[in-house]
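I have placed the structure first, in the form of structure tokens, so that the comments after it can refer back to it.
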Amino acid sequence: MTTQKIVPTKSTDGSKLFRHQAKFVAGAMNINQIPNFSLPEIAFVGKSNVGKSSLINTICNNKNLAKVSNTAGRTRQINFFNLADKLIIVDLPGYGFANVPISVKEQWGVLISYYLRNSYNLRLVNLLIDSRRGIKENDKKVADLLLANKREFQIIFTKSDKVTDHKNLHDEAQNFLATLNYSCNVMYVSNRSKEGARELKASLAKCIKFQK
């Protein structure tokens with residue numbers, strides 16, 4: 001089992017795509033509110049407070065694009081951002097711990113699951129993992145859901161500046177992917193140092209075959 005390494009090229013350099021300005025276009029708090037865009041969609045999913053919104057702001061070069069909070073569970077809807085009519089970036093609510101009633105957690109679970117199962121234009125899912133915590137049971141369940149629905153995904157270890165050795169994370173990811181019999185990109189990103197941002201942009205541009 002090996003992971004693919006993203007090497008930005010002239011045709012897939014994400015900086016060309018992400019030099020455009022992204023804007024918020026829709027929010028969905030239930031499945032009936034999920035819009036149907038005619039553009040490719042790329043989603044970001046992970047546990048509460050893993051850094052989804054911050055990462056979206058980093059790659060879009062706009063710290064105010066997606067609302068960021070230090071309190072887990074504050075993203076309570078699916079947020080959709082349009083990047084220059086080339087791509088829809090999807091910020092999903094965090095799963096796992098959230099200081100909200102069980103009924104609300106269940107509602108989020110239904111919303112996330114429905115979107116991942118049914119989005120016609122979904123091209124890639126970025127499964128975000130906190131580098132300090134490693135891969136947890138909820139992350140494994142999401143990966144199983146993605147594979148069951150033939151969704152392509154890549155693993156993004158966030159807050160990479162908080163750990164000094166990536167080898168253990170790499171080994172953990174390799175072992176995890178081996179159990180799934182799946183191969184994908186594994187990246188390390190930091191919103192503070194911007195580590196991995198260029199490679200992530202390149203992978204997204206490559207996914208939608210952006211070349212101009």
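Even glycines carry a Cβ here, placed using N, Cα and C.
Database features, via Swiss-Prot:
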DOMAIN    38-210  domain 'EngB-type G'
BINDING   46-53, 73-77, 91-94, 158-161, 189-191  GTP binding site
BINDING   Ser53, Thr75  Mg(2+) binding site
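Annotated features, which come from Swiss-Prot, shown on the structure.
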residue : record              : Cβ within 10 Å
Gly46   : GTP binding site    : 23
Asn49   : GTP binding site    : 21
Lys52   : GTP binding site    : 27
Ser53   : Mg(2+) binding site : 21
Gln77   : GTP binding site    : 16
Pro93   : GTP binding site    : 24
Lys159  : GTP binding site    : 21
Val189  : GTP binding site    : 26
Exercise. Taking the domain 'EngB-type G' (38-210) alone, what is its mean pLDDT?
Worked result: 89
Seminar exercise, completed: Per DSSP (three-state), Gly46 (GTP binding site) is strand
